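Novice: The following feature annotations were taken from TrEMBL:
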| type | residues | note |
| --- | --- | --- |
| DOMAIN | 48-129 | domain 'PDZ' |
| DOMAIN | 153-233 | domain 'PDZ' |
| DOMAIN | 261-344 | domain 'PDZ' |
Amino acid sequence: AAMKQTKGLEGDKKSIIKFEFNPKVGIDNPALSLAEDTDDEGMGEPRFYLLSKGSAETFGFCLHEELGCQGHIVRQVELGGLAQRRGLQDGDRLLQVNGHFVDDMDHCRVVQKIKASGNHVLLAVLDGDSYKAAKALGRDLSEMLPADIRPRLCHIVQDRNGFGFSVSGPEGMKGTFQLSVQQGGPAERAGVLPGSWLLELNGASVRSYSQAQLTKKLKQSGSKVTLLVASSAVEEFYRLRGLQVTVAMADTSWLPFKARELHLVKGPAGYGFLLKEDDCISGATGQFLWDVDAGLPAQQAGMKEGDRLLAVNGENIEGLDHHQTVLRIRAHDEQVTLLVIDPAGDRFYHSVG
């Protein structure tokens, strides 16, 4: 503890030195010169890390909320672990998860976001000293980050004129495809921006495809196709940092498949549904909602038979067994909020990974 304390003091001393007033910079407007003096000098840039792990591994760090410290703090960076190998450091503050700004978010929600990301997560962090300096200057940290770094996942349903996009790529070069988008056509309506680069087709990377292979795969798609696309700015962002874009980071707001949040208030006859354990499409075990009683709270909230349960009161339950899940639902006597997905949506997300 004593060691920790002195470490803390050293850190403080450092940041105090940073804010010392520099009399050389004109006394007329001390506020102005103070701001100029400390504005960006010695202030680090946000760093971006893509962590990709196996399903049995961990990312190799913990996220702390600490008394008297602001922000989500990176701690317990495992020696030789994934986070350390990528360059994450003890004391870093987490600013973004998969392109979502999280500094102003509730700690549990941020941890939840990382867990929900699966085996790939893109983190933006700022070193502890720069973070404290930025906060002391009243900086808006979200302004230090690029506005949009998320690729888009778009599901296109053909109309009688086709999908409404065409693909071009440099002659004889594999895996590089840019999209021209027809105005008002299905692709544009599905959220594909003109000039986007194609990264995945129906959940598979196009990096090794020739133009002919891509055309063949598009034909095999039938009347529906799912594309992972990135605008030129987003594509450049990843390329300059040597990062690979994965579907985990995608903006899914354009998709017709959505998880639904149901808020249930218990009636005299209970909630009016049963929970059943069964196999998911992925082969893992999941919790499903059945026997939804007509006219009772579950049905009134929009629950449908066969919905799969994803989260209870904002906590991910995937991986929990039946008994643990029931305990979570019963934790608050009179009400519960459930996140569910219907079978069609479940199949879709599984198909695109």
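A Cβ is built for glycine as well, from the same backbone N, Cα and C atoms used for every other residue.
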Novice: With DSSP helix as H/G/I and strand as E/B, how many residues of the domain 'PDZ' (153-233) fall in helix, strand and coil?
Specialist: 16 helix, 29 strand, 36 coil
Novice: Determine the mean pLDDT over the domain 'PDZ' (153-233), rounding to the nearest whole number.
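Specialist: The average pLDDT of the model in the domain 'PDZ' (153-233) works out to 96.
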